[in-house]
């Protein structure tokens, strides 16, 4: 296994580009999942609930299976996790194109591709921590900005591909794009930090994947790390909820569907730019990452609480889309450095997995809870709920 001894130099920048490419692909499968949902409904008309299981599992697994990704990284390497994850995503999507039973689609697309997404997403974050020290925040900002850029690029292109090639051709194209991640994953050769971390674990011959996982749970006993996981839950609870329900909120105010989709494009562009900008800013020696992290979510909390004051105005809707996109992605640019400072580089993989699980759980329950509140309560209750979620993220992160 080739080892590169230097961080922040040479091949580390190739690894950053590889991580960026992986996030570029994830941008479509996370925020552009609606195109995939429409394709399923065209193939299986009337099966809205079952089709939602396939796409819901795919989106949910990409975060909630973070601990599994961390275990694979600890057992083998980031490169192995990236390549295995990308291969599983490809297999799930390609086979889904040829089956005629939606149950099999749920298993293949939702579970198989979802597991693959969980492995590759976790590894594409952790590999930055192993390859950068001095420029870790900047490199992480560049890598995660791919998610926003992928949303802008692939959502429209995939819509065109679906219209041109139909259900089967569309899924084959998606599988082909995922298969390219295998090549990018192969570029992520282990750095000195990754190899040293693995060697330290292998000195204990009694350690297994299960024991590593159980030991990682002990990280939650650290108050600072527990607060960070709680912050991720609250943050993704609010962010995913707004991503799902913002379109319907503005449409209820009389905005057209095309304008609502344009607002999401604005949010995606701002998200990509802010992730890069925040990562660059946090690389300065005099910047406190935790303060920047909590400050971003305090802005989101205040804006969400004041949402009813301007949501009925067209300019207000644009302003909120800009604020949502600009401040919602900060956690992914800063999480790497914050995690290393709290638990050390040797625990980075499993700590990331736990943080992603907490965030994924918030992303799953958030839209459901707000959907119930939208039916049973008024807009004021909803905006207070969102405001509390972002504010809770701010407070718990500041306690870290």
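Just so you know, the numbers here start at 1 and follow the chain as drawn.
In case you wondered, yes, glycine gets a Cβ from its N, Cα and C as well.
Heads up, TrEMBL stuff is auto-annotated, nobody curated it.
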Correct range for transmembrane segment (source TrEMBL, candidates 258-280, 350-372): 350-372
Remote residues contacting the transmembrane segment (80-99) - C-beta distance under 8 A, at least 6 residues beyond either end: 18, 22, 29, 54, 69, 72-73, 105, 108-109, 111-124, 127, 167-172, 174-176, 178-182, 184-186, 188
Residues of the parent chain within Cβ reach of the transmembrane segment (140-161), under 8 Å, 6 or more residues beyond its termini: 16, 19-28, 30-32, 35-36, 124-125, 128-129, 132, 169-170, 173-174, 177, 265, 268-273, 275-280, 282, 325, 329, 332-337
